[in-house]
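Below: the structure, in structure tokens.
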């Protein structure tokens, strides 16, 4: 158990030592001087940085002894016996402050104290001097003034004592101590040397004045104005109280608010905030601004002398005393004033961006801002500073609001976990130069200010031009410089609440993001529709930190309706396309796949020409076999040829005669061969001569390879009458599919079967006589 307690003590000691070395003594701040009357109460506020260590560390209030030891009077969860029932310490970790309250003060409470964090004497503390003055009598004249300021005390006298010596005393331990008199212009007390004067305006005056400059804490107390000498001297008791200035504590880069409440009924009075050091005006109600505070200060005026001043982007040189005042003529010292003491903690810098950002025309900048991530209902905002009393809201995360002028140009992003939000502003122009304020509505201390400058340069990344046609795909290409090679690159679609990342793989919406090693990022939108219209951003980021961004707007265009005529390509006559009639014949009569046999006596009723024959071949066959007139091709222009001139007739008949002569010779040769291979066959009383070679081509005996392709081919004309007109158009030769080879015996059997079938049919017709179809 003892070992466990020792370990805990060592851990506490180590934590205290670590935070002391991390923050330093300057990070704790409180009032340097406290002046209070005997019997009154006092509340002393001490400030500390709001880090994860200090929030949960021990807070203490101790009194210094002559030995240098600091005795704890109150701390977190502890109150000493001396303070029992009249003193306590209250911590406010969210605000980074704790308050020590002490009641029923006595003069014994005067002394030196320390308020701090951690362990006593480890450096994380701040010294406070407390002075408890004797309570004045009811007829005492009370004067109040701030430390380091000047006070003028008026002492009246009567006509009876106008010629007597005038003196000014201080009451110390019940005794009167001479400070100055009218016999000498120098102070009698060395503590006031060079700081005090006594004046009588004229011999007829009924008062004299005592002026004390550069007031110190020990100047507070009771004084006596005396005209004459005892026991007939005229006296007046004076109570001088030093006011404790209002304390303001801020972190480097953060903000503070001066709340000034001065009673003034003059509506035309000039309200101002001045620095005590130098006396220069920081800002006033007439628009005057100290150049050192330009762009980071805002004045808000109320009524009856009440106003507030916000200073953002705190710097270490802002530390010091400030004076709120209301003057009728605009001059200091003319009206009521209030002193404020500002302390800037240099140990912690809350800003996330440098005080000055630079951007290029057409480029982008990212303003990073602090906020408290533990407060989920915070409204994160960005303002444009427009003067001493105006700032213009650009974006609000709580309302999802983006000003119309910044549509597609500005978006706010929260970075989870690290208390930072980023505002990206792109498509920069010279008009964007100025000061921008980051604001978290629930913690004004985190308000920061950034100055934006537009300088010459080229923006990056860049986006290629494109055209988005409704219903068609579009690719948008984004190019990055080499400095972003290791950065994460992305496409997103902008909206009022930010910019939604597009998926890295094909999604249901058809959006595709891909990137190659050449630092080119391509956004592909499939079948662009109205839902795809809007602003798209292409950018790079390192973790949660946004880098440069380029923006482009997708707008739909209607598909172009242009009549395009096909180009005229010269055609080789030898390779000319078939005539329309030939194409129709091809469509009606595809390549035959199987054969079907019909009786030889029936003429086929079909409009399908022989697919294997060209137009020239049809003409030749007609010459070879005049009897087969149904398969001959008739020239459509023969009628007009007969009515032509004799020259045309001769030029036509001569070639025809040559063709007929050649045909007659071919027929003679064919018949000579036919006689050698003719066999006489008798079926009943019917006799005929047939040659086996005549049956080699089954089509000459009425066979159809694929009757299903030509339904009309199944109908025949009886009695030698053809009911269908023979096609007169020239046909294009269609290559027949290769036929399976048969043996001679198979071909003979097949031909003989066809012959028997045809013979039976002819015999039946001969017995029954001809019939009309």
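The count begins at 1 with the first shown residue.
Quick reminder: no glycine exception, Cβ is built from N, Cα and C everywhere.
Here Swiss-Prot gives region 'Disordered' for one range in the set 703-724, 725-746: that range is 725-746. Annotated range for region 'Disordered' in Swiss-Prot, selecting from 596-618, 619-641, 642-664: 619-641. Each of the glycosylation sites 108, 418 was assessed for Cβ neighbours inside 10 Å, and the highest tally belongs to 418. For the recorded site, residue 88 (N-linked glycosylation site), the DSSP three-state label reads strand. Secondary structure from DSSP puts residue 418 (N-linked glycosylation site) in coil. In the three-state DSSP scheme, residue 108 (N-linked glycosylation site) falls into the helix class. Residue counts for the domain 'Ig-like V-type 2' (138-232) under DSSP, split into helix (H, G, I), strand (E, B) and coil, are 9 helix, 44 strand, 42 coil. Around residue 88 (N-linked glycosylation site), a 10 Å sphere centred on its CB holds 16 further CB atoms from the protein chains shown.
The helix, strand and coil residue counts that DSSP assigns across the domain 'Ig-like V-type 1' (25-131) are 10 helix, 52 strand, 45 coil.
Across the range of the domain 'Ig-like V-type 3' (233-340), the DSSP-based residue counts are 6 helix, 57 strand, 45 coil.
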